[in-house]
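Below is one structure, written out as structure tokens; the observations come after it.
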Amino acid sequence: MNAQSGFAGPPKVKERLVVIGNGMAGCRAVEEILERDPGRYAVTIFGAEPRVNYNRIMLSPVLAGEKTFDEIVINGQDWYDDNGITLVGGDPVAGIDRKTRTIVSASGRVEPYDKLLIATGSDPFIIPIPGNDLPGVVTFRDLDDVDKMLAAAETGGDAVVIGGGLLGLEAAHGLSLRGMKVTVVHLMPTLMERQLDEAAGWLLRQELESRGQTILTGANTGVIHAVEGRVAGIELEDGTRVKADIVVMAAGIKPSTTLARQAGLDCERGIMVDDHMVTSDPDILAVGECVQHRGLCYGLVAPLWDMCRALADHLTDAPSGYEGSVTSTKLKVSGIDLFSAGDFSGGDECEDIVMRDAARGVYKRLVLKDDRIIGAVLYGDTADGNWYFDLLRKEEDVSDIREGLIFGQAFASGGALADPNAAVAALSDDAEICGCNGVSKGKVVQCITKGAHSLDAVRSTCKASASCGSCTGLVESLLSLTLGGEVETGPSTMCKCTSFTHDDVRRLIVEKGLREIPEVMQELHWTTPDGCSSCRPALNYYLLCAWPGQYVDDQKSRFVNERMHANIQKDGTYSVVPRMWGGLTNPRELRAIADVVEKYDAPMVKVTGGQRLDIFGIKKEDLPAVWADLNAAGMVSGHAYGKALRTVKTCVGSEWCRFGTQDSTGLGVKIEHMTWGSWMPHKFKIAVSGCPRNCAEATIKDFGIVCVDSGYELHIGGNGGIKVRATDFLCKVETEAQAMEHCAAFIQLYREDAHYLERTAPWLERKGLDWIKAQLFDDPETIGRLAARFRFSQQFSQDDPWAQRAAGDRKDLHSHLAQVRPLSMENA
Amino acid sequence: MMAAVGTWLDIGPTTQIEAGTARTLPVEGGEEIAVFHTMRGEFYALVNKCPHKAGPLSQGIVHGDTVSCPLHNWRISLRTGEAQGEDKGCTPTIPLKLDGGRIFLLREAVIAPAHAAAKSATTPARAA
């Protein structure tokens, strides 16, 4: 390369190394080279910023006021001087001429090179939306950006940070500490979704919200608004507006490749380099965030150190080669411990080990494949992050320490203690088992030997594991150690995702005030990241029942029928059942139904057992239009698809029937108006018969009323399904109003107590008729209180879901993404 | 990342599928495709048919990287299309990639899903 280096004799002329970029990668590369061969190169570094080399990843603490600029300088001016490095600051390179092997700077300075190193890093990704160039819109990349943010923060006010990734959250944290009211707008549903799974993302969100930040996820910024030429706020695509005195764009970075592209070097997303960081021109090298190596671009600092080593080895004739990096992430927000490494997306051959400790706010998840750790997410306790990361990078076989792995290095490395039972056995008698209730091992063992032979028995006697439940595993170990194989197992758990029963979960939701599905999963130590198709719908119902009017229904945790508000059929089409109050209809409704059948070519209409009409064969795309037509005739959803109030079946009663004793039809209509729309543990059917001949079959319904001359007999827990069960007689009341009050109270008791997917018949047999009677009648005020709670929750559920969809709500559920026509290349 | 070669068909931005749900893509003269977005932010495409009784998988509950069929609750892996647990059967998967916030499907597989079934499991695509 250097023509003169081969000659013997007088002063050896140094090769000229020109570095474009005075950032972390450029300077680190120079440091590595100097370490290997200090006399080999005459180095000139060009930097766009007019300052010495500093640690860019520490800008967050500078913004937050935890560090000063001086504290984050890596190499001061004396380093450049001592090593004979020429620093050209504040004069960015404008072009590379590969023929003459020179570069030219923005100010016109021409510098020849023998070797050129491109370390231009990355540029912030600017979202292409109107207003993105307004004064007050800043990025978070260099010290100038920090200065702009600090200037804005001086006067307080509102800040919007677009992007809920690592950088965005650090910016938000800094601005928040500087006294601004911060809103984070994130496109994806989970914060830091590239590093965190949903559970950890939720914990992080809770913590940030508790610190006063507003977090909007699934939020797409549409436009940045201005007032008098300066940023004033943003508007999301859904129309939400957020006020802002400053908008920080932290939506991602892209490799800075402009110079390399102009010079004709091979580039894809980044500048293409080989294992020695050499570009498509053998005299030009590149390193850092601007490069693409083996198909990957990195946005973190750790890979950079490895790249610089390989580069320096190559430039000093001792090639080693860079083979790519496994990266880990820590969030630099004080007070939040968060660690993520590797691949935690899971998969068929992967196993999850999850540990949740609600009391300490800890979530740990390890992903194993072939007995090796391939991913780790830690929240709240990151002490073992480095150990896991080490095991991950070294691809160590962890099968020997697997049992205790999740408890960390201290526990897992304890040799024989790696077996949890052995570890518990090794504990001393005064070792604390349950931190919440201060119960020692000795006490638990004592209570087991005195007859508490099950987890529940231990919980109810010495209180161990009765609060947060995080020591359940320890108590179970003690049970099996003390009793051998004689542990009594309690009622079965809700599903394989949890060790709690339905009753536990329902009770704890209320006791602990749990308000969202991820919160329940975290607090109750769910062993899967996002539940399963059994527990998700159950939790959704339990929360809906516990917090009426507050809980926002989670549509993705609903079975298809409840999500689509129609019944799916075997061919994937739907059937539609409009409500017919008490089984009554009229010409207008019948005409509307007939019109729908013709208009949408429904192949079948059937009279149901619940006294209404079922229209079959409707496509999901046509549902909103069908509903609009039915709504127009005054009909609403019949909830024939729901774990909900289905029908109130009636006979004609005293108005027409010669045997009728009361107005059973009228009462049925009133009851249906009171109860429609309510979500239940399972489907719920009511009937009102006008006399003991019971033409409405009230004695095989969940709640049945049989009218008699002297009043109304109330029956509960009937079922006409797989296992026919006649109702039990509950009581007799004198007035319609009393009948309705009892109906509401019984429904609410069922709603608040039964397990999800448990009909009233098995619920009644499990709890016993006496228990139900005691609940309702022991305290004369209970009926009124239950009925009041039912009516309260009804004000939020009697909103016709069909009308909402017909008006355009959740169009995505009813439309296709696109249409593919194979004969053309286009998708319509 | 993806071994498959061919033409990639742009089916629109990732934002049009809410995490934890799926949407459909009818193919004229072919099998309807379901495109899934998991709670963990991965995207997958499968023929919209359960191997059991051809139930529309797009309408099932998505959990982890599986979907539970709405008709009889078979659990299908979104990665491989294989039925999980005791059940046996496989739904063809369609190679999918993400680029610049948009979803791309391999055209050859879209129009000939049976052909794609022969290919091995797809790798997950994560949203950027």
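Any Cβ shown, glycine's included, is placed from N, Cα and C.
These figures come from a predicted structure and were not determined experimentally.
Per TrEMBL, the features are as follows:
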type: BINDING; residues: A:CYS651, A:CYS657, A:CYS691, A:CYS695; note: [4Fe-4S] cluster binding site
type: BINDING; residues: A:CYS695; note: siroheme binding site
type: DOMAIN; residues: A:16-292; note: domain 'FAD/NAD(P)-binding'
type: DOMAIN; residues: A:328-395; note: domain 'NADH-rubredoxin oxidoreductase C-terminal'
type: DOMAIN; residues: A:433-479; note: domain 'BFD-like [2Fe-2S]-binding'
type: DOMAIN; residues: A:494-543; note: domain 'BFD-like [2Fe-2S]-binding'
type: DOMAIN; residues: A:569-633; note: domain 'Nitrite/Sulfite reductase ferredoxin-like'
type: DOMAIN; residues: A:642-776; note: domain 'Nitrite/sulphite reductase 4Fe-4S'
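Sequence features annotated in TrEMBL and their locations in the structure.
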residue	record	Cβ within 10 Å
A:CYS651	[4Fe-4S] cluster binding site	26
A:CYS657	[4Fe-4S] cluster binding site	16
A:CYS691	[4Fe-4S] cluster binding site	20
A:CYS695	[4Fe-4S] cluster binding site	18
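Here the domain 'Nitrite/sulphite reductase 4Fe-4S' (A:642-776) does not lie next to the domain 'FAD/NAD(P)-binding' (A:16-292) in space: the count of CB pairs under 8 Å, restricted to residues six or more apart, is fewer than 3. As a whole-number mean, the pLDDT of the domain 'NADH-rubredoxin oxidoreductase C-terminal' (A:328-395) in this prediction is 82. Cβ proximity to the [4Fe-4S] cluster site centre (mean Cβ of A:CYS651, A:CYS657, A:CYS691, A:CYS695, cutoff 8 Å) flags the following additional same-chain residues: A:VAL652, A:GLY653, A:PHE659, A:GLY660, A:SER664, A:SER689, A:GLY690, A:ARG693, A:ASN694, A:ALA696. Mapped onto DSSP classes, the domain 'NADH-rubredoxin oxidoreductase C-terminal' (A:328-395) shows 9 helix, 32 strand, 27 coil.
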